[in-house]
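> Structure below; questions to follow.
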Amino acid sequence: MAAVPPLRDRLSFLHRLPILLKGTSDDDIPCPGYLFEEIAKISHESLGSSQCLLEYLLNRLDSSSGHVKLKVLKILLYLCSHGSSSFMLILRRNSALIQEATAFAGPPDPLHGNSLYQKVRAAAQDLGSTLFSDALPQPPSQPPQILPPAGMGAQARPHSALQGFGYTKESSRTGSAGETFLSTIQRAAEVVVNAVRPGPDNPCTKGPLPHGDAYQPAVTPSASHTHPNPGNLLPAAIQGTRAVKHQPGQAGGGWDEMDSSPSSQNSSCTSNLSRASDSVSRSGSDSHSGASREPGDLAERAEGMAPNDCQQELNLVRTVTQGPRVFLSREETQHFIKECGLLNCEAVLELLLQQLVGTSECEQMRALCAIASFGSADLLPQEHILLLCRQQLQELGAGSPGPVTNKATKILRHLEASCGQQFPTLRPCAQPNSAAAVVGPADLLTSPVPPPGSQVFLQPLSSTAVVPRSPVPTPSPDTLPPALQDPGELRTQLVCSSEPGTGSEQRLENTDTPKDSSSPCPWSPNSLFAGMELVACTRLPCPSFQADLQKVTTEPPVSEPSAFAFLNM
């Protein structure tokens, strides 16, 4: 071995000893790759560190364990190409243990046999051939690395500029700290002169000149670039300008930081645009909570939208309405609902209503299908959808008969039924000599309201006699119709209904139903299954009930109060 390494190198080597212990442990776990690099760095620190490293590795190589020998040989083989030249020179002078490892042998392992001994001998032969090879490139000698001093004010390299106020990192420039400080002051003076000097390129002189002796404060270049004049902005930049207003519950008291800037005086011009952009950004998160809002608030939000803010909604409506088929497929409907959840649902609904006017029948049908999907989704309240769509759907329903008219009427009835609104169900009398039509409860399927000025295609089979709440003498139970009697008595009359009816029964039937009505039971309630009874209801009450019924029908109908207070207004 060479001379004994100094004490400082030995103490420094003790800090790296845990790395070496982990890399040469006596187990079958391979040495991690990053430890090879850490061990190679030890050989480059100093000559004493290389001597200590080689001494430790040779001591571990002299161990009787095959796992330790194999790990040490692999580390030495890595250091032949990545270690320092001084380490390679010392290793060549102390290669006796490497020669002994080429003949390493022992009792075979019960499980692995002689495989470990063979690996150690092969690694020792590779290390010897690499170590004494003539073609081995000599690694460049690296000077010992000087660790940078730690502490306040320490510099990573000598003769560097002082770090602090006015410090600029320039690796190419060299000079004293005084020269660096003077150059910093000179550059700052140039910036101030360029900002104050009038010129065509000065951004401060692009504004209007002061009139008379009016005071105009100087504006630094950073402030002018930060707050440009809104009049010179592009439309896209104007749309992104936020309005300055108080927002309760926000950080900083809810006031924007632009209140003290020169551009805050123009904030009132962009308040509508910012309100529209806020409504668009909140449509995805507030869509599911819209049922708790009033329709009036939603209408005010819809009025504050600008046309330029609805470009994504317009593209979605064009994609939905322009398709090869008349109806929307399930995939198209699901994609439409998903996109609406991310956009402004109110704007999409208004654009769909605009597509119902002046477009082809196919586009109208696809737009109606999209509107119908709003009714089945939880994007907007049903009351708000009905408020926006009622006028357009009524105009379409009043048009010429066709699929568009039927679809619009169906959607309107569905929305009215979902909102619980009672729409009128009065029908004109079929005969001029008959009594007034009896008012029955609203039935969505059997009593549709025909559009004004159009022909009635579907008519209810019969009207239901409902006695309103009025001070009219109640008929006796013997004269009540089957619809108003007890269910047990009605069942008894149906069993005994084989008797022929009288002339008065026929007259009463004519006063209640139209001539073309073929219902066998005029007193049955309006139902989808009317006319499908197995037993004909031909037994009618006594003639004395006709006079009482006429008295009842002459009184104005009194609607039953609803359980919802807002429907009784």
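Heads up, the Cβ atoms here are built off N, Cα and C, so glycines get one too.
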> Select, from S261, S400, S476, S519, the one residue given the annotation phosphoserine by Swiss-Prot.
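S400, according to Swiss-Prot.
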> Among 74-84, 371-381, 525-535, 536-546, indicate the range for which Swiss-Prot gives the feature region 'Interaction with AP4B1'.
525-535
> Per DSSP, how many helix, strand and coil residues does the domain 'ENTH' (8-141) have?
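DSSP classes over the domain 'ENTH' (8-141) add up to 92 helix, 2 strand, 40 coil.
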> Can you tell me how many other Cβ atoms are located within 10 Å of the Cβ belonging to S400 (phosphoserine)?
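Looking across every protein chain shown, the total is 7.
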> If you average pLDDT over the domain 'ENTH' (8-141), what do you get?
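Mean pLDDT across the domain 'ENTH' (8-141) comes out at 84.
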